[in-house]
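K.L.:
One structure, as structure tokens, below. Some questions next.
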């Protein structure tokens, strides 16, 4: 059995879902400025509160998330995984939010592929505003305050090991700087699939140049997720 870990923004979907939510809306000046390093989650809490004040409700948000396009080849990769679902345990670790991710995966008809989704909690309050919380706290200096994906992945593997589920190999499909941290835990048997030209890919290339051998996993960059499907198909042969 293999474990396949997905990121969401700019990996499963072809955009950052937070950008999709504010597209075409005039934000006040203080919300247009880029947030302080590591405080993006708090920034999005304020953005969502503003959108709530502008009258956006559950149906509006759901429509936005459902309409975000999948990344190139992602539908084909999902078809492949559906066909071989007994071989792959699939999880999703994302710094987006639970509401948006669930909405998109259901709309794409692939929610049942995922055994577990780890993301920031999001729900609608009494006013009907979408509210966002941090996922957890951690001590990792590389990651934003609300989420360290390495911690989530490490804890998940430990939990599955206690349930006597051992994975032959771990595959990690991502794009961002926050996907670099967990991919550093992968072993020589595992594979990192960074999206070509995105921060995760650049950071892997940098460490490979500076410290050859420090990044242990095989690296298979992708432009279309069909390349990931092809790699996994070969493996099954």
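Backbone N, Cα and C define each Cβ position, glycine as well.
TrEMBL feature annotations, pasted as is:
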BINDING   7, 9, 175  Mg(2+) binding site
ACT_SITE  7  active site, nucleophile
ACT_SITE  9  active site, proton donor
BINDING   18, 95  substrate binding site
K.L.:
Just name the most isolated of the binding-site residues 7, 9, 18, 95, 175, going by other Cβ atoms within 10 Å of its Cβ.
P.N.:
18
K.L.:
How many Å lie between the Cα of residue 175 (Mg(2+) binding site) and the Cα of residue 95 (substrate binding site)?
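P.N.:
The separation of the Cα atoms works out to 12 Å.
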K.L.:
Rounded to the nearest Å, what's the C-alpha distance separating residue 7 (Mg(2+) binding site) and residue 18 (substrate binding site)? Just drop the number here, would you?
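P.N.:
One finds 14 Å between the Cα atoms of these residues.
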K.L.:
Quick check for the class: what is the C-alpha distance, in angstrom and rounded, between residue 9 (Mg(2+) binding site) and residue 95 (substrate binding site)?
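P.N.:
If we compare the Cα positions of residue 9 (Mg(2+) binding site) and residue 95 (substrate binding site), the gap is 8 Å.
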K.L.:
Given the Mg(2+) site residues 7, 9, 175, which other residues of that chain have a Cβ within 8 Å of the mean position of their Cβ atoms, reported in sequence order?
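P.N.:
For the Mg(2+) site the neighbour list reads 8, 10, 11, 12, 94, 174, 176, 179, 195, 198.
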